[in-house]
Structures are given as structure tokens and as C-alpha cells.
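*Asks:* Quick one: this structure, given as C-alpha cells, is what I'll be asking you about.
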Amino acid sequence: MSQEYTEDKDVTLTKLSSGRRLLEALLILIALFAVWLMAALLSFNPSDPSWSQTAWHEPIHNLGGAPGAWLADTLFFIFGVMAYTIPVIIVGGCWFAWRHQSTDDYIDYFAVSLRLIGVLALILTSCGLAAINADDIWYFASGGVIGSLLSTTLQPLLHSSGGTIMLLCIWAAGLTLFTGWSWVSIAEKLGGWLLNILTFASNRTRRDDTWVDDEEYDDEYDEETDGVQRESRRARILRGALARRKRLAEKFSNPRGRQTDAALFSGKRMDDDEDIQYSARGVAADPDDVLFSGNRATQPEYDEYDPLLNGHSVTEPVAAAAAATAVTQTWAASADPIMQTPPMPGAEPVVAQPTVEWQPVPGPQTGEPVIAPAPEGYQPHPQYAQPQEAQSAPWQQPVPVASAPQYAATPATAAEYDSLAPQETQPQWQPEPTHQPTPVYQPEPIAAEPSHMPPPVIEQPVATEPEPDTEETRPARPPLYYFEEVEEKRAREREQLAAWYQPIPEPVKENVPVKPTVSVAPSIPPVEAVAAAASLDAGIKSGALAAGAAAAAPAFSLATGGAPRPQVKEGIGPQLPRPNRVRVPTRRELASYGIKLPSQRIAEEKAREAERNQYETGAQLTDEEIDAMHQDELARQFAQSQQHRYGETYQHDTQQAEDDDTAAEAELARQFAASQQQRYSGEQPAGAQPFSLDDLDFSPMKVLVDEGPHEPLFTPGVMPESTPVQQPVAPQPQPQYQQPQQPVAPQPQYQQPQQPVAPQPQYQQPQQPVAPQPQYQQPQQPVAPQPQYQQPQQPVAPQPQYQQPQQPVAPQPQYQQPQQPVAPQPQYQQPQQPTAPQDSLIHPLLMRNGDSRPLQRPTTPLPSLDLLTPPPSEVEPVDTFALEQMARLVEARLADFRIKADVVNYSPGPVITRFELNLAPGVKAARISNLSRDLARSLSTVAVRVVEVIPGKPYVGLELPNKKRQTVYLREVLDNAKFRENPSPLTVVLGKDIAGDPVVADLAKMPHLLVAGTTGSGKSVGVNAMILSMLYKAQPEDVRFIMIDPKMLELSVYEGIPHLLTEVVTDMKDAANALRWSVNEMERRYKLMSALGVRNLAGYNEKIAEAARMGRPIPDPYWKPGDSMDVQHPVLEKLPYIVVLVDEFADLMMTVGKKVEELIARLAQKARAAGIHLVLATQRPSVDVITGLIKANIPTRIAFTVSSKIDSRTILDQGGAESLLGMGDMLYSGPNSTMPVRVHGAFVRDQEVHAVVQDWKARGRPQYVDGITSDSESEGGGGGFDGGEELDALFDQAVNFVTQKRKASISGVQRQFRIGYNRAARIIEQMEAQGIVSAQGHNGNREVLAPPPFE
């Protein structure tokens, strides 16, 4: 045998023919080429030299070398992502050719042509689908050139969805043409696979879910074959497999088993209507069975098998069943009801529920059960006593009834379930209790009951009488119908398992009362079956009454709150307690028990009628009466819910809690009073009343019983306490204001509610315990002047009512408003919860100046740098290797555009890196400037800026953004020697240049600055950085600001600093007046400087300082006695620099127009020597805003990111700003320089600005100059600090002319006096300011208001 096997497996090498040799060698080479091609495609790198890129001097990254890179680039260009399928198709073709090499059939050219057409259709449609639906790969189209052509052709015609559908259809047809497969066969094949998978899974699931172990049957077979000689192991395995297969076949072929499986997996419930009901014994369920009959609680028709309504006695079938069960039938625990059923005689389950006590069923020794009385909190009300609770009717709750009688198990079969069923014990016998009549309660509406109800816990008594044990005798050989008994047993087990897994729907809208669990009745000896059946009728009635009382009991009990639920499955098996469904009794059955429910339709009609009556009654009542009724109803519901929740112990617990809280409150108040008296005993002001414990007598719970008004009452006397009424008012936390102690007014007293709890003391910070808080007379404002904010810890806050006298009792000086309080330090408490909004708009955060509290004056002359955010201590090092790689890449990209250049140096900065290029001889820098966008694309960067000229170097700069941008902090720019050593008070910092060095400028040398950039480019942050740098450099006597902020957002935060000449101007008319005042101030300063013989403001201040050192101040040479109220001749003082900042210059130009342009032009031309400097910022850098007149006098400009090169030329007179990166990236064109410098602006947070502003506010208040924004001085000519513009020389003559002619016109004055139009217009404006003529009307005419002169 082994020789034959060896001879069959010998492999002989047969020689192939020449044609076969050539074919197989060719197939091997083609397969290797496909592998090489796949490697080249997978390792493709766009930087390798290829068909689309020729110049490269670096190593090739492609695994296929230069040919692989070239071929991969070509395939990607033609086919896109479908190029990856080409090697797979090649390998598949080789396999097909090798499989069909032995067939010598003739060639069907028609079939070949169809296959070629199919291949062409598949290739075209695949590329088109990839181009429409897939993302591009590298810089190739996802479908290649083929897909791009198809997608561009189909998109206008069919859109993307229609094109995709059409290409899919063509692809399906091409697959059929190429393979010859029918789509019907493909669908059948796919369906067959799917069904096989589902069949395998379902069969495996069914086999796994069978919880009956097959080993128990193996034991039987082993017992049968004990006497037989042991077979071989192979025979035993085969015999066991055949037997198991036969059993499985019989199991699934049994019609009763199939019906059981259908019942198990159908998802139906036991109470569904069906033709045949299967019980645990495999026969149709009896109609009078409560659990398995399928009768529903909603079935209204009469049922002749109803054990409650058909008039037949229940004792007859029960006696017969009990007698039969005692001999042959087994007791199954699969149909245990959920609702409490009366146990058998002798069973006394103890239910841990305080409301209802269950009594045993009357038997031979026991009488009728007695239901425990309802708790005191249980109040039976008539149905629909409250119309607003009509939506929750009491009959919507299922009322429990007693289940079907339970039968005892035979001793022979009861032992089989001992391991699965819970251990049952025999209770002790008790004497017969006294018979009492059972009261019948009407169930209450469910709206007053809580929704959660824990089930009662049943305590099983200790067993005293065990059951008689009987050994089970198993026959040596199974009887004739043993397999049928086994199938019947397994069917019964399957039905129990089906009852186990019935789905239980969740309640949706109505609150279902709890279903108390039932204790499984113990086994009863057969001799007592008739007696038990005889006493079952009375037991059912008493159980129904007990169930009705349990349904009407309160739905929440503290006694059973933490009890475990017995309806928990603890293993596999239907014998454990589980939530089975019980048929809900009908109204007719409940009527037979004595529980009568009204008709639902009648109750609904009554509820609707009550709601209509309530609505009509409410329509006639006033709002106050409706509100009072609503509060009373809320109070009643709250009291009722509390009584239902806590039962009869609610009032007692409340009183005990009140006593405990009162004692704890008194102890805490005493300790707090002792500590406060010890702290402030010797420091209380005269007339102040001592500390009282009554001041702390408040608690959050008192709001529930407080009926007083919520707003504080202002009465001269002490308000008596009012008797509160318990109302569950919605909690509205109000801040508690502590009334300051007054020496004359009586001490305010707070209302004391009746339920004190733990006090909430007001802890005060001992910052200034000596100085009392100033008292203010505020008869119209209910808020105290110095509040102490405190938020209670409880969610319900008290609402104390305090009093404040409307008028002083006597004319005491304490009620006057003090000019400067001694130490008005308000003592704020940290709120633990956000306070409720107040009725008044007086809030610190709504103040224009913010918090007006006096702050501690700093000791340093200038703000500290600690107010600013420090830069990070760790700085990321420069990656020189990455910069070298980028330099080589720049050279390569320039070489692609036929530009020979070498990177000789690079300068890394925080935001960008500048590469210095050494161009080849004859290469113009303009060529690189024109390629800026192409270079940005090829280098994969956001923007590239080309610097054609680098001062001092023969190179061209190429600025590229860094991959990781760093933040420039203001603190690190201010903390450098260049800023500290600059003596000018107008020194400003801009940021850092590309090398990381700080850029510091002097506004006095600029002398004016124009800032422009789009929204979000960092323009406002740059202006804030310049303002903060001047605040860190100059005192208020050195620099003063006039801030114009049309947006009312950016510059308004500086309101209140001492550097301001006037408030932050937000009205454009006031802005024009402020600019006009600046022009007048410039003229006044020029007069003073000319009188002193100096050329600028610095020389003027030096003269003033020199005269002060000499002790001979210089008098004002232009002062006249009538100019001011000064008695002595005023002297000249030091003049500060004035910086006029305009945040949105374009809005100012649009609103006011030409007048502002003229004023700005005059300031830009002449204001430098007078110490007045302009900073103009705008978001719209257009020629109508930044006119040539303004640009000619403002040489210093800063350009942030703009949208186009035209805007860049408008600002800088050259391009470059359109290539900036934003977020503070700017081009700074300094004075006496034509080449802008790229600067990365310093970042300033809002918190830093507020910190510096608060620091300057603590140093002093601003001294505003009157008349800067007023109209009278703007038109009348008054300007300067204390002077005005003189009237025109022809003013008197022009007034005489106008009053005589009674006609005021500019042209008339111009012709009469032969003067220019501007001078005539100025004279008319002066007349209007003096009130001689009126303003222009809608038609441009003016009325003469002055009377005519006397003749």
C-alpha cells in the first residue's frame, strides 16, 4: 500500500514545447514588470524628475529609479488614481493566459471585439467616476486627463449626480461586455452568498441559545449501555454523533417544537389575540387563565370563561386540578404574577411597606384579612375635585387583581426544579385574627403622586415543616412514549423561556403604579388541596381589596426607598423572579371586588366643563387676583406633595428640624457676634448701635413662607412683622444689602420669618475697620450706596426687607454728600453663585468709566512691566537643517523658471525668513518679482514677498513665512535698551523686524503717522501698542491725548486716564470741533513761541524751565484784563505734547467731509513745531479717504495687510502690502526713507490694556479742558486753553450791511466788500455764532435776527 502511494506521488519533469517555454517566460517577465510598476507607483514622489519636471540635482526617491518616476508620473497624468489598478490588471491577464494556454479553440473575433469594447468602456467610465467623485492626488487630477475630459464634458449637461449615474450604467454594461456575466447571475450569486451567511449565523445563534444541555441525554444513553460491552472509541463517537443528529432532527421536525420556536422568536406577547394559546403543558390555554389566556384589560365585552363575572365558582376547577396535580402534574414557576396575590394558608410574607400590611388568605385556621389603615397623609378626594388635574385620571392606572390559583408539585418531579427555583419554606401556623370589615377607598388622582415608586420587599419566613421527600425511580429502559414525554417537557421549558423574553414596553405618558412582587406559594400536601380550593374564593376577594388599597396608597415611601428590587434575574432559567405580565382587570371585575370607578367619558366631560368654568372665572378676575390664586394653588400642591412624600411624620420632622436649626443658628450667631465684638469693640463710630443677633436672623428657606413684598420698603419708622403665609414662591436670589449704621436714623430691622435655619453670616474683610462708610440720601433709589454683595449657599435666597429714611429726622450734617470720603473702601464678598439681575441699570459694568472706586495709588512714577504678559521662557531653536533644505528648494524652483540664483544667506525671524539670493550676471530682479505668485505656488506657501533692494547688500531678498509662527509680546519689546534710553516722551514701539530686533520709532520725528489695513489685519492692536508705549514713557504733563473713536469700541477703554484732554470723542460733529480746537491751539502756541524766540515746543519748554529756575516766571504777553477772571497777570506754563488719534479716519471723512480734510491738512503742515501730532488709522485705504493733500504732509506710513496692489500703492506708493500674512504683519515706511521695513507687530491683549489703564486711573483723575468739543467755540473762533479767535476786520461793517439790507448771503458780502468767498463765508459763520443771522434753511437762505440800526 505504501509503495502504491509513493508511485502515485512521484513528480516527473516534463519538457515543454518551444512555444510553451516562450509563453511562460514572457508571463513571468510581465508579472515581474507589474510588481516593479506597482512599487514605482506606490513610491512616487513629485520632486523626482519626470515628464512634468525635468531639472533636478538631488537623489531620486522612487524605488523604480528614474524610469519608474517617469512612468509613474505619466500614468498618473493619464489615468489618475486608476493607475494603481494597472499592475493588478496585468497580473490578472497573465493568470488568464496561463490558465487558457492549453485550449486550442478557434478565436472568436466577435467576442474579442466585444471584450475590447468592454475594456474601453470600463477604463473611460472608471476614470470619469474618479474625476467626479474622488479627490485629486498630488498635483494630478483624480481621473487623469481622460477623467478630466469626461467630467468637463458631462458637468454642464448632466451635473455631477447625473454624470455619475450615467457613467455607472455604462460601467455596468462594459463589465457585461468584458466578462460575459449577466447581472441577473451576479445578483443571484450575491444573494446566495448573503443567504448562506445569514443561514449560518441564524443556525449558529439558535444552536447557542438552546440552554438545554445535551449531556443530560448522554447520561441516559450511558445508563442504557452499562451492561453492554464497551465499544471502541470511534464507534462511540459515531454513535453519539448519529444520535445527537437524530435528536436535533426530531426537535426541529416536531410540529409542536416548531410552534414553540415561532412563539419564541415572533416577538408577540402573551396577552396578544391569537387563535391558539399554548400553555406550559403544550395544550391550548384555558380561557379563564389569568396569565396565559390572552385576555386584555381593555377587553370590554363579556367573557363566559371569566372567573370573576361568569357566575361560576372557582372552587370546582381548582379542587379538581389540585387533586390531579397532586398525582401527575408538576408545579412550574414560570407564570408568577407581578402583582401581590394572597398566599396560601400558613404563608405570611412580611412586606416592608409602611402603608399597607398584607394578611394571609383565610383558611381553616385564619379568617378574613385586615387591611392596615391608610396613613394620615392619605386624603380621599372625590374624582376631579381639582379641574386643573383633569389630565391624569385615576382609572388610567391598572389596578392589581389576584392571579390564578397555584398548584402544588408532585414529590416525584419537584426535585428537578430545586436547583433553579428559589428556596421556598413552610411558614408557621398562626392563630386566627379578628375579623374586621375592609374599607373601600377611592383612588386619588395620580398628579399629586411622585413618579417613582420602589417595589415592596418581601421577607420570607423561616421554614419549620419540610416537605416529605420521595425518591424518584427511573425505569431501567424508557417507556414506549419516553421521547414524547421529553419533547413535551422541552416544549414546556421553551414556553417558559418565551415568557422570560417577552418585550416589556416602557410607559410613555402615564405613571404606572408599582407592582408588588408575590412570594411563591410553598408546596401543599395533596390532602389539603380541597380545603385550599374551598377557601380560595374569599382569598381572591381579599387580595383584590388589598391590591386596590395598594394602588391608592402614596407612590413614594421612605421606608422602602433603598430596598433592593426582587424582580432581578440572577441567572439563566425561568424559575427566578421576573417581570411577567398579568392581565389587568376590567372595570366590571373591579366592580365585583367593590372598587367602583366612574366612567372615563363622564369624567373627561366634567373635567373640560370645570376648565371652561375656571377660564371664564379667570377672565373676569384681575391680574392680581389671578396671581394670588396661582400662588395659593402652588402652595396647596406643594403641601400636598410634601404630605404624600413624607406621610404623617412630615409635620413632626419639620418641627424637630426647626428646633435643631434654631439652636444651631443661635450658637453660630453668638460665636460670630463675639468674634466681631472682639475685633471692632473699640473702633465703632459714635452713635453706632452695638451688634445684635437679630441682624443675622435670616435663612434661604424663609422665602417659602415669606409673603412680604420683594422690593425694599422705605419708611421712617420700623416696619412691623407681618404674619407670613406658606407659599412656594419660585426662588429668586436677590443680593443682600447691608444698611450702614447711621448715628441719627434708627437701626433697620429685618423681617424674621417663622422657619429659621442655619444663618448665612456676612463676612467682612478687615481692610479698613476704622473709617465708616459715607451715608448718602437717596429717596428715589432703593440701592444702598455701599452694598455688600453676598450670595447665599442655598439655591433659594432670602429676600430681606430693610428700611431707609426718606428724609432726615433732623437737619444733621451726616446726610450731606461729602466731597471726598475718608476711606470709602467697599467690602465685597466673594459670591458663591451668580446673583439675580437687579431692577436698576446702575451696575459697575454698565458705567462708562468702569468701576469708580478709589484705587490704591502706585508708588512708581510709571506703570510696571509686570502688568504685561511675559514672553515664554523657552524659545524654540532655529532648525538650520530645515532652512538649508528650503534654500536648496528655492534654488531648484528658480531653476525651473530658468533663473540661476544661489542662496548665500538666510535670516530667520519670528514670523518669516529672508533668503538672500545672488543672481547670475544679466538676471533682472524684476523677473523674480513677477514670479512671486508662481514661486508661492511651487513652494507651497501662503505668500512670497520679493525685496528687490536690500540696503547695503548686492542681493535680492526672498521672504518666506515660517511653518510655526511665533508671537511678539509687547513686554519683550518695551524691555529693551533702545526703548529705555530714548529720551523722547513720544517714543513708540512697533514690534520686531525679520531678524528679531525691536523696532522703536519717535512720533516727534515722524511727525504724523498714517495707518491703514483691512479688517482683522491687526491695525487696532498696533494702535493700542503705540498708545501703551507712550503711557509707559510719559507723564500726563508731558503728553496729552485727544482720542476720536467713531466705532466706540477701540479707544473707549482709555476713558478716565489722566493723559486725556477731553473725553473720548465718539460723535463725528464733536470730532470736527476737536480738530478745529487743535488748529486754534496750534495758532496760539505759534504766537507764544514767536514771542519767546524759539523754533519748537522743546525750546519753549526749556525757556519756561529756565525762568522757573531763575525764580522769575514769564508772564503771558497776549493776556488782556478782560480775557479771564484772574486778578494777577497769568504766567506761562509748560506745554505738553498733544497726540490726536483717529481710529477710523474714513468714517470721519464720510460724515464731516471737506472741513475735516482742511483741518487735517493744516495740522499736518504746521503742527509739528507746535508739538501736535496726528495718528490716523483707517480700514479703507482708497484715494477718496487718503487724499493727495494728506499724503503729501504725512510721510510716515504703516501698511497692514490689504486686499490688492492698488491699495498698497495708495498707502505706500509701492506694492508689497498685499503679500503680508496678517495678524500684525506690517510694512513700516519711516521718515526720510523710501524703502519700507517689514515689522511684526507686538501683540497686546485686552487684559493688558485694562491693567495699564487701571494703573493710570489710580494715579490721578484727568483734567479736562472745557470747550474742545463745544459748538460755540468751534464756530465763534474761541480756541486754545484760555483764548479765542479774533473776529474779522470787516465784521462790523458786514453786520451793518446785513442788518440794513435784511438779507444775509455770502455772495452779497463778497460783492459788497470785494473779498474772497472763503473770507465772506467765515464772516457769515461768525454772524451765525453771534446770533445775528440764523442757520441755513432747507433752501439755503438765512434770516436776519438782529434789528436794523437806528437812523
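Counting begins at 1 with the first residue displayed.
Heads up, the Cβ atoms here are built off N, Cα and C, so glycines get one too.
What Swiss-Prot shows for this protein is this:
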type	residues	note
COMPBIAS	402-415	compositional bias 'Low complexity'
COMPBIAS	422-433	compositional bias 'Low complexity'
COMPBIAS	602-614	compositional bias 'Basic and acidic residues'
COMPBIAS	665-674	compositional bias 'Low complexity'
COMPBIAS	724-838	compositional bias 'Low complexity'
COMPBIAS	858-868	compositional bias 'Low complexity'
DOMAIN	996-1209	domain 'FtsK'
REGION	357-482	region 'Disordered'
REGION	559-589	region 'Disordered'
REGION	602-871	region 'Disordered'
REGION	1264-1283	region 'Disordered'
TOPO_DOM	1-24	topological domain 'Cytoplasmic'
TOPO_DOM	45-74	topological domain 'Periplasmic'
TOPO_DOM	99-115	topological domain 'Cytoplasmic'
TOPO_DOM	133-162	topological domain 'Periplasmic'
TOPO_DOM	180-1351	topological domain 'Cytoplasmic'
TRANSMEM	25-44	transmembrane segment
TRANSMEM	75-98	transmembrane segment
TRANSMEM	116-132	transmembrane segment
TRANSMEM	163-179	transmembrane segment
*Asks:* For the transmembrane segment (116-132), name the stretch out of 25-44, 75-98, 163-179 with the most CB-CB pairs under 8 Å.
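*Replies:* So the stretch in question is 163-179.
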*Asks:* Do any residues of this chain, six or more beyond the ends of the topological domain 'Periplasmic' (45-74), have a C-beta under 8 angstroms from a C-beta of it, and if so which?
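*Replies:* Same-chain contacts beyond the flanks: 36-37, 39, 83, 138-139, 888, 892, 895-896.
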*Asks:* What residues in the same chain, six or more past the boundaries of the compositional bias 'Low complexity' (858-868), come closer than 8 Å to it by Cβ-Cβ distance?
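*Replies:* That would be 969-971, 974-975, 1031-1033, 1035, 1248, 1251-1252, 1255-1256, 1258-1259.
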*Asks:* Give residue numbers and ranges for long-range contacts of the transmembrane segment (25-44): same chain, 6 or more residues beyond its ends, CB-CB under 8 A.
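*Replies:* Non-local partners: 61-64, 67-69, 71-73, 75-76, 83-84, 86-88, 90-91, 93-94, 97-98, 138.
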*Asks:* Which residue counts does DSSP yield for the compositional bias 'Low complexity' (665-674) in the helix, strand and coil classes, in that order?
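*Replies:* The compositional bias 'Low complexity' (665-674) comes out at 10 helix, 0 strand, 0 coil.
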*Asks:* Can you work out which residues elsewhere in the same chain, 6+ from the ends of the topological domain 'Periplasmic' (133-162), have a Cβ less than 8 Å from its Cβ atoms?
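*Replies:* Same-chain contacts beyond the ends: 44, 46, 76-83, 123-124, 127.
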*Asks:* Just to confirm my parser: what is the rounded mean pLDDT across the topological domain 'Cytoplasmic' (180-1351)?
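*Replies:* Averaged over the topological domain 'Cytoplasmic' (180-1351), the predicted model reaches a pLDDT of 67.
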